[in-house]
Structure formats: C-alpha cells, structure tokens
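Undergrad: So TrEMBL says this about it:
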| type | residues | note |
| --- | --- | --- |
| DOMAIN | 524-616 | domain 'DYW' |
| REPEAT | 5-39 | repeat 'PPR' |
| REPEAT | 106-140 | repeat 'PPR' |
| REPEAT | 208-242 | repeat 'PPR' |
| REPEAT | 309-343 | repeat 'PPR' |
Amino acid sequence: MPQRNLVSWTAMISGLSQNSKFSEAIRTFCGMRICGEVPTQFAFSSAIRACASLGSIEMGKQMHCLALKFGIGSELFVGSNLEDMYSKCGAMFDACKVFEEMPCKDEVSWTAMIDGYSKIGEFEEALLAFKKMIDEEVTIDQHVLCSTLGACGALKACKFGRSVHSSVVKLGFESDIFVGNALTDMYSKAGDMESASNVFGIDSECRNVVSYTCLIDGYVETEQIEKGLSVFVELRRQGIEPNEFTFSSLIKACANQAALEQGTQLHAQVMKINFDEDPFVSSILVDMYGKCGLLEQAIQAFDEIGDPTEIAWNSLVSVFGQHGLGKDAIKIFERMVDRGVKPNAITFISLLTGCSHAGLVEEGLDYFYSMDKTYGVVPGEEHYSCVIDLLGRAGRLKEAKEFINRMPFEPNAFGWCSFLGACRIHGDKEMGKLAAEKLVKLEPKNSGALVLLSNIYANERQWEDVRSVRMRMRDGNVKKLPGYSWVDVGYKTHVFGAEDWSHPRKSAIYEKLDTLLDQIKAAGYVPRTDSVPLDMDDSMKEKLLHRHSERIAVAFALISMPIGKPIIVKKNLRVCVDCHSAIKFISKVTGRKIIVRDNSRFHHFTDGSCSCGDYW
C-alpha cells in the first residue's frame, strides 16, 4: 500500500494478534507509532492481548503508560485487556487497580478479574468478585460461570457451587457443553459424585472428552476405580478419543490401588495412541509400576522417556523411596541435579523417606539441612515429619525429641504418629504416652494412636494400663481400624481379614496355610508371640498369628497363581513382625518371590530374606 491509515494499521495489528502472531503484532504496533499514527482503543486492545499471550509484562506496562498518555487507559476495551494482561502475568495488584479505575465494567472485565484470581490460586477472592458482580447486576455469561465453578471446585465449596448451578439453570446454560463440563468438574472435585453423574447425564449430545475425563477423575479421587473404568469404557464405546488427562487419571487410580492388570492394559492403549511420550502420562506410568511393586518395569518406563521432566525424576526417586532403596534414591537424586533439573519440595519428601526406610540417618540429615541453603527449597511440615521418622526408626528417640522441640511449629499428625511408632518399636513408654496424647489432640478419632499406646503397655506387660486405654477407646467411641490384605488374581481382587472364613476356597486356603506352617517350622521359623499385645497364653497367640490377613492372602496366591508370576499382596496396616518373619521363610520353602505393600513401604521377599533388611 503506497499509503497506510489508522484503519489499515489497526486491521493489521488485530489480524496478527487474532492469528497468534503476537510478536509481529507488537512490532506492527511499534511501526504504527513510528509513522506518527495515534492508536485507537482497538489497536491498543489487540497489542495488549499480544503482550498477555507472550507473558511480557514489561511491554504490557509500556502499552499501559501509552494508553494513559492518550487518555484511554480506563476505556472499557483497553481496561479489560490491561486487567487480563496483568492477571495472566500474575500481577493481581495491578490488575485490581486497573479494574477499580474503570468507570464502566462489563462482563468481560469481571470475568477477567475472576479468572485472574483463579489462575493464581486466590479462589476465595474469585468467589467474592462473583458475589459483587451479582450485586451490581452485571450480565452473567457462560465464561464467568465456568471461571467461578472452577474456583468452587478448587475450594471444594459445594454449597456455593450449588447456588451457581441454580444460576446456570435460571439463565438456560445447562446445555452449554463448557458450563456442563465445569459443573461436572466442580461436583467431582467436591466429592459429590451423585450430582456430578446427574449433570453428566443431562444431555448425551453435550459431552466431549473433557466431560468424561472430569467424571473419571472424580471417581478416581473418591477411590471408585471400577466406576471410573466403566466411564472410560463408555467413552471408547462412543468413539471419543481419550486424551492425556484421561489416561493420567486412570493410571493414577491403578497406581493407588496397585491394580496391575488394568494398569498394564492402559499402558498398552497409551502406547497405541502415542501418549507414552507425554510428560504427565510417562511419569504416572513410572509411579504405577513402582506402586504395583514392579521396580524393574518402573525403571524401564523411566528409561524410555526421552527428556525426563521434574515430575518423572520425582516419580523415580519416590519409587526407590517406597521400596526402601535409600542409596538408589540418592543416586537418582544426584543424577537429577547433574542433569540441571531443579529439585522441589516433593523431591525431598521422597528422598528423606528413602533415607528413613534404609536407615541412612546422616545422609538424610545432610539433605534436610541443605534444602534451603543449597537448593532454595524451604522445608515444610512434611519434611520435618520425615526427619522425625528418620531419627525415630533408628532408635535415636532423644535426638528426635530435641528436634521436635527446635521445630518452628508443632509436628503434624504424621510426625507424631512416626514418633509414636518409634516409641512402640523401641519400648519407650514415657515418650510414647506424650506422642499419643499429642496425636489424639490433633486427630481425636485416630484409633492408631491409642492402639500403639496400648501395644507399648502390652510389651511391658502392664495389662491394667492396656485395659485403661481400651476403655478410653470404648468410651470415646474410637474403633480400631481392622487389618485387611488383598491380592489380585486375574481381573478380580480378593480381600481377606484376620481369621477370615468367608472365601469360597477357604478349605484349600487353610489347608495350604497349615502345610506352610509345618514347612517353615522345619526350616527354622519360631513364632514371635510377643508381637500379640493380648494377655493370653502363647499357644493362643500362635493360632492368632497363623491366621493374620497377609498370611491368608499369600496362601491363596500360592494356590491360585502360576509359578513365574509375581505374588503381590497389599495391606492397609503395617505388616506385623511375626508375619514378616513367616513370609521370609515361605519365600524360602516355596522358591517364590513375594512382594508385600503395607501402609508405608514395599517388602520384597526372596529366598528367605527381605529387601528391607529387617529395618522398617
């Protein structure tokens, strides 16, 4: 064009910005100024949107100054885009200031405000902004509803979310696919799966992969893995392609439930759709194999990642930590740092856990004290709790108590529970009583604290004190958490309790148990009757130990699973000392590898020994 005017410059800037050519849009804006043209509100709006998309707050501030110079800084389009730019760049103070200075505010400016608060995690402020918007009778559209519902979901504010849902129905947005997805997501995050399912079922034509993934994620978070898998099957039946978030949620569920069969099937589908290179999916696969007890497969899944992210490295450090392989966790951590990947708070929780389970006390303390100085990570409650656990497991109770006294805050429930468990193992009833009282104050309904205290008294044969604790539990209506063990055979999970007579194959199971008892006694097994905290004779204690849930699960797996397939037993409580000893002997007399995942770590039993080295 031999001559360009304000209209042609503005059209060019807007066109470039709308087509994601943000740097070119800003250069064109600068060219327009060099030619002496005074930008309109539309040219400013497009240029500021480009700054927001590039995350360039410095250029955005220059645009803001220029807009103020020309007297249009508070104009509706310019103000809304400035507000959006500041909020996207994390400068909410500046975004609020622009918003307050605008004489007229429309739904776009209000939405930018609410969305900005949500993006930086200020969810309560987002909901307050929505309330003010309602009070000022500003028109509500689907965009502001989606942002507000997102904030409700993050806060699990179901009551507020229901009131927003009422507005959705009143305004006729129920069939809007984006609003429907936001509602499903909100109810799912709040744990109200009945309402999430009802919203999901309103209009089958208004569902997409996001709708299904939100529902799946809700079922996963509420530990309803079977329902989550059913929704996934329905998604595939409808011909909708799952995305990386769908697979991440389902594989995470398989990891938490140690559901190996379903996890490997999902892995196959992930490879088929080429999602195994996605950083989230690949990292969750490492975690899944680790939590299913298959250490070699977890390492292989990690090695197949081309350029591991921080999440992938954290997953591998966590896997070694859960398996009690502290030295390996340290090696992976060092490799991670050498590759230039910055460790974060989660990395150190996994690293300290690994040191704790492996008895690497000095190494763990060195890493804890280097967190802030060397790596710029400020230790939080979880890290302090890990150090309490580290010292307690090693029997250094006096040091652990001194560490607790020096802490900048009171230990959390995990910290006191770790200290109490250490007092129980090492027989310190005075410190144990203190830890139990602290833990009961934090969690009045936590039966574990009083049970551990009772066990400390039982070890000292102080039966009156044991009865006193039991009476306190009964009067406070605190019930002991029953111990369960479960094992997957085929596509079915078989759950067992202590003295469990309910399984259809009970005769074969108990016949196997009796045979195993004879075999392991011949191999040198001696029952640890002192591990039963009850006032009864040793023969009765031996019978109780013989029918513990983990032993029943192992016996069932031995008669049900072919040789060569790993036996993986899961337990909701800490594996008892006697069962740990018995399973070592079972692995020796049967020649089978047995993996037991209790509530804190993995035990790999092979040929009469355990990977934990009897330190757990």
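Glycine is treated like the rest: Cβ placed from N, Cα and C.
TrEMBL entries are annotated by machine, without manual review.
Remember, predicted model here, so these are calculated numbers, not experimental data.
Could you give the neighbours, burial and distances for every feature on this list?
TA: Note: the domain 'DYW' (524-616) comprises 38 helix, 16 strand, 39 coil (DSSP; helix = H, G, I, strand = E, B).
Listed by sequence, the residues of this chain that lie at least six past the ends of the repeat 'PPR' (5-39) yet keep a Cβ under 8 A from its Cβ atoms are 46-47, 49-51, 53-54, 56, 59, 66, 70.
Across the range of the repeat 'PPR' (106-140), the DSSP-based residue counts are 26 helix, 0 strand, 9 coil.
Here the repeat 'PPR' (208-242) has, by DSSP, the following mix of helix, strand and coil residues: 26 helix, 0 strand, 9 coil.
On the 0 to 100 pLDDT scale, the repeat 'PPR' (309-343) averages 94 in this prediction.
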Undergrad: Could you give the residue numbers and ranges of same-chain residues that sit at least 6 residues beyond the repeat 'PPR' (309-343) on either side and whose C-beta is under 8 angstroms from one of its C-beta atoms?
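TA: For the repeat 'PPR' (309-343), the list is 279-280, 282-284, 286-287, 289-291, 295, 298-299, 302, 350-351, 353-360, 363-364, 367, 375, 377, 601-604, 611-612, 615-616.
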